[in-house]
Amino acid sequence: MKVLWAALVVALLAGCWADVEPESPLQGKPEPELEPELEPKRELEQEVEAEAGWQAGQPWELALARFWDYLRWVQTLSDQVQEDMLSNQVTQELTTLMEETMKEIKAYRAELEEQLGPMASETQARVAKELQAAQARLRSDMEDVRTRLTQYRGEVQAMLGQSTEELRARFASHMRKLRKRVLRDAEDLQKRLAVYRAGVREGAERSVSSIRERLWPLLEQARTRHANLATQPLRERVDALGQQLRGRLEEVGSRARSHLDEVREQMEEVQAKMEEQANQMRQQVEAFQARLKSWFEPLVEDMQRQWAGLVEKVQVAVGTSPTTPPLETK
């Protein structure tokens, strides 16, 4: 009887994982390229959408929202106040918010691992490894955002004697690398989750096939023995035992199905939250790029005016007619 119960439970496990894995929305869809004149407008729209679409429910999501809110507050300050704060206060505040976010993520991961307690130890280890990798990538991205506020201003000051075209090129390249890294992390996480779920489904199918091969001869023997029973009282007792066994199997199967459905829903919820988090981070980085462009635009224009004035003075000094300074390519 124990063997029959095990066969039914494994069969239910295979049925629960038989759903087809949907294709990831971030896979196979290249990011559309925008015209140069439409890119600032598009980035501004993405920034507004990111702020409106951010819905924080879990404690770690609230902590991450406070991190981005503090960045937006710093960007609204005047240039002089920012220069005074960037050296110490802003870095310390961002470090505190980042550590708070990591602490909440760790607590949420511990809660998830506790919910997956009835699962096999190998499955628990794989889930913990995936979440730990995602947490490490998020920490790296937040540390990079924290250091950009102090590094980029120094780079701009060091490039005052260079052309504005080189300044714009370095700025655009820097932001593209940051955006690509966030997209790469999101796609990598999706691939790892897809491989994990496929492995679990394949293992369940192999287990069901193996148990069927082992139990089929026993079932055939039981049928033969039941058919050869000679007396009616013995048949009645066997029928009663069979009904009792079916009732117990149905009860065990119902409990197993309920638990497996709950575990599958929890895994799908975790995957959906991680995908949503990665998409929101990508939108917020693009919005941050638009803000930095608008921040340093006055500095570039001032450099152009100074250059034009210097050329005009030199031309007047040598007695030549003023010429139009070269225009910056956009």
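The backbone N, Cα and C atoms fix where each Cβ goes, glycine too.
Since this is a predicted model, take the numbers as computed values, not measurements.
Feature region 'Specificity for association with VLDL', per Swiss-Prot, maps to range 291-303 of the set 44-56, 83-95, 291-303. Per-residue pLDDT, averaged across the region 'Homooligomerization' (279-330), gives 77. Secondary structure of the region 'Specificity for association with VLDL' (291-303) per DSSP, as helix, strand and coil residue counts: 13 helix, 0 strand, 0 coil.
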